[in-house]
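*Asks:* As annotated in Swiss-Prot:
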type: BINDING; residues: 54, 84, 101; note: isopentenyl diphosphate binding site
type: BINDING; residues: 91, 95; note: Mg(2+) 2 binding site
type: BINDING; residues: 91, 95; note: Mg(2+) 1 binding site
type: MOTIF; residues: 91-95; note: motif 'DDXXD motif'
type: MOTIF; residues: 217-221; note: motif 'DDXXD motif'
type: SITE; residues: 92; note: site 'Important for determining product chain length'
type: SITE; residues: 217; note: site 'Important for determining product chain length'
């Protein structure tokens with residue numbers, strides 16, 4: 001989810017939000033057909049507030065084609081978002097996190113077993129939706145899902161001893177986040193009838209902007225006015241990019257930070273760890289990576305028609321940078 005973003009022209013913005021609403025409505029309709037034993041669990045988090053990023057990107061990419069409101073666009077957007085919602089269930093179990101989208105997570109409201117099954121059901125529903133699309137579109141969904149699961153496994157296992165930790169982190173970001181957003185753009189553009197080059201360009205743009213947004217979220221979690229990290233978050237084995245950069249420094253402050261992040265952190269020490277992170281070069285270096293990904297995303301814009309959709313995508317790229325400033 002991201003906060004509401006102005007896309008410029010009011011009518012264009014209204015059309016985009018109508019497209020997102022159709023996707024959300026289809027998701028709710030499909031999940032409402034679940035057996036009563038799991039209906040409440042699988043519907044959790046669908047309407048958690050904010051603008052769902054993957055449906056937004058699907059609908060924006062669809063504006064490049066001649067049929068942006070086609071049913072295939074809605075089905076594809078719903079399938080991708082359901083896959084994302086499924087991973088939220090599984091991620092929170094792995095992370096032992098009690099919040100998701102600023103809402104108590106499935107594993108907190110119910111149990112880990114319930115959360116895993118709810119995630120599985122969302123994946124199954126996504127597959128059912130994707131099966132309504134043509135074989136090429138179905139293949140895009142399947143390949144994105146395979147890449148996503150690979151990223152989840154890579155994140156869970158951690159980097160091998162010979163792999164640079166930052167290189168590992170960025171690869172995971174591309175696999176876990178970039179994969180679905182790239183697929184959102186590719187499907188939105190392809191199913192609305194956009195040209196082949198535009199489809200390729202918007203898919204690459206999506207991968208870059210997805211990475212930028214993911215890192216921005218990691219930065220905001222540390223540097224925001226109301227930082228969202230708990231002691232459990234900070235003590236996780238999987239550190240975020242600002243943390244990884246901060247831990248590479250060789251200073252007394254970094255030595256203390258390394259000591260704090262070596263294991264579970266008592267909540268009494270969270271403020272100290274956040275202060276050390278905020279005073280380190282880690283946040284600035286992570287912001288530079290966000291800017292680099294945003295620049296790569298902008299490189300794709302000249303290959304898209306100079307119309308409102310392109311300007312809206314440019315706004316989205318700018319938002320990725322400004323969000324963490």
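Glycine residues also receive a Cβ, built from the backbone N, Cα and C atoms like all the rest.
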*Asks:* Count the Cβ atoms, other than its own, that fall within 10 Å of the Cβ of residue 91 (Mg(2+) 2 binding site), considering every protein chain shown.
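*Replies:* Around the Cβ of residue 91 (Mg(2+) 2 binding site), 19 other Cβ atoms lie within 10 Å.
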*Asks:* Provide, as an integer number of angstrom, the distance between the C-alpha atoms of residue 84 (isopentenyl diphosphate binding site) and residue 91 (Mg(2+) 2 binding site).
*Replies:* 10
*Asks:* Restricting to the same chain and to sequence separations of six or more, state which residues have a Cβ under 8 Å from that of residue 54 (isopentenyl diphosphate binding site).
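*Replies:* Residues satisfying the criterion: 77, 80, 81, 84, 180, 181, 184.
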*Asks:* Give the number of CB atoms, excluding that of residue 84 (isopentenyl diphosphate binding site) itself, located within 10 Å of its CB.
*Replies:* 21
*Asks:* Sort the residues of the motif 'DDXXD motif' (217-221) into helix, strand and coil with DSSP and give the three counts.
*Replies:* 5 helix, 0 strand, 0 coil
*Asks:* Cα-Cα, whole number of Å: residue 217 (site 'Important for determining product chain length') versus residue 91 (Mg(2+) 2 binding site)?
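*Replies:* Answer for this pair: 16 Å between alpha carbons.
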